[in-house]
Amino acid sequence: MKETWSFLDTFEPNFRPLVVIELAKGTKKETIEWFTKRIVDKKANGGAQLLIKPLVTENGDENIYLVGASQLRLLLGAETVGLVKECNDNSMRSFTYSSRKTFKDFADDNQNFLTMSECQYIIKHELENLRAKDEKMIPGYPQAKLYPGKSIVRRLLTNGILVQIFPLHDREELKKLRHTWYGRVKIGYQPLDEIRSYFGETIALYFGFLEYFTFALIPMAVIGIPYYVFAWEDYDKYVMFATFNLLWSTVILEVWKRICAVMTYRWGTLLMKRQFEEPRPGFHGALGINPVTGREEPVYSSIKRQLRIYLVSVPFVCLCLYFSLYVMMIYFDLEHWALDYHEENNSTFSSLMLYVPSIIYAVVIEIMNRIYRYAAEFLTSWENHRLESSYQNHLILKVLVFNFLNCFASLFYIAFVLFDMKLLRQSLATLLITSQILNQFAESLLPYWLQKRHVKKIKKHTHSLKTEMDLSLVEQVNLEKEMGTYFGTFDDYLELFLQFGYVSLFSCVYPLAAVFAVLNNITEIYSDALKMCRVYKRPFAEPTANIGVWQLAFETMSVISVVTNCILIGMSPQVNALFPDSKMDLVLTVALVEHLLLAIKFVMAFVIPDKPREIQIKLAKLEFESLEALKQQQMKLAAESLKE
């Protein structure tokens, strides 16, 4: 980021603003003094040893602060969080300050050894680890209780004293990234390394998976187009397409694991040690002692949590599922009405009316999914999970179960109860296309339009100020603090998960499903890139080695697709003709084939290594060197003890 903010230079020549802290207006002076002192205080005194400066505006408000850090502090922080960097011998190792000279591109005067996103991640880690010592409350707010070991930032957030913390954009780097990423229409790969450098590994992995999934859909789309043209009404021919579908859904997920391992090794996150998880901000309970850390912190009975899950959350989810099925039956009543209307009138208008129930149902599905998402978040928060990972797993499970039933129940009903392949094709096409259009509008176009209006308003107000202050910083902070907050890749992965379901479960009936999915994903890459760069605040980088629980979700969907496609094959007239006398033989044969294919699928998953051999060797070599270093250290300690 260019240091053009002259008013900062008078305070700290080397101060580079990285993170913005916004306190509530009217925050008491003693609270601000105590909090800022803890930020700048030495680590030995329980501080974060960071740099902090107020952003002084024309009206004199001091509720916004800029946080930075010295180069030495950032390097020591990189060692603390376990960042992995490339060495001069091209290997990847955890960074240590004592061996800093062995790392590629390191120099004492090189401010770019750590990327800006890594610096911001380090600052976030240090701020979140500011803990109360002897304080019983936040100064100036007796109701905001503290106890030894409590995260100060989390207590400030939960009490509304701290409004938000977010990393600043680097406008020059962002401009370059936008140009190479979506600034021009081109056919090619995304700049994943640059995305990772700017937004971190979690965001880069999502875009990497989106790109990979789009390319993986191309074979399905290429086969689907001629299949659609030459076998439009001939459903007998979908046996071959369903068989290809089975192999495709398995292979692409196994290949992705290997690609993911290569990327994350290059980025260093495959080697990062998992840190001990601290309690999530919303976790509450009576004060107790953590048996692992020995620190005083809230404790909550696991029995109470289980009772909340099984006596409240599970019944609520079941009730929502029942309501979803009830809405589905209303949809079928509308379909029946539209069909009767068309038979009576047989006009162009009545032909169009045949698609109206499916469109209405698709819109209702999207609305129900979004409403349920808020309810699921509230319930999962109320369950009071201690760890963020546990909270996310329970939330994802709730959302996936509902979304799966809400989006696919009608298709299963049409296929396996009504046995109406024509209606199945129509419903699948309508649900897929309508959901894609609605998601593009709700996730990118609408927020972008609203943000553009807000930017014009802020710029007009800022340029009207008569101040000698460098307006570039004031304008940037004011613009960014009002931007929407990006809450992670949950919704993005969920959209891809449902799309994968539409393609892998029933695309043999509607071969163009993969074609529409490819077209949607191409526009999705550009619209998601636009919202990351222009609509939302810059998110903090989060190191990750894979796509987490979503890998399991996609693999589960691929297992369901095996069962679904086997049943569809068994229903085809071609296969039925082979068993003219005994339907039981047909059922047993289909079940046998389905079990055989599942066995083949699991064998393939076992045979195809999750990591390429080259990566396995590098990881094994690092593990060997670590063990040898540990042995040398133990021998040295033993020798010293013998001398004594």
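Glycine is treated like the rest: Cβ placed from N, Cα and C.
Over in TrEMBL, the protein carries these features:
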type	residues	note
DOMAIN	195-621	domain 'Anoctamin transmembrane'
TRANSMEM	203-232	transmembrane segment
TRANSMEM	238-256	transmembrane segment
TRANSMEM	309-332	transmembrane segment
TRANSMEM	352-372	transmembrane segment
TRANSMEM	395-416	transmembrane segment
TRANSMEM	496-519	transmembrane segment
TRANSMEM	586-608	transmembrane segment
Quiz item: Counting only pairs 6 or more apart in sequence, are there at least 3 Cβ pairs under 8 Å between the transmembrane segment (309-332) and the transmembrane segment (496-519)?
Solution: no
Quiz prompt | Within-chain partners of the transmembrane segment (395-416) [C-beta distance under 8 Å, separation at least 6 from its ends] | solution = 313, 317, 320-321, 324-325, 328, 331-332, 361, 365, 368-369, 372-373, 376-377, 379-380, 423-424, 427-428, 431, 435, 490, 494, 497-498, 501-502, 505-506, 509, 549-550, 553, 564, 567-568, 571
Self-check item: Same-chain residue ranges lying at least 6 outside the transmembrane segment (586-608) that approach it to Cβ under 8 Å
Solution: 246, 250-251, 254-255, 257-258, 555, 558-559, 562-563, 566-567, 569-570, 575-576, 578-579
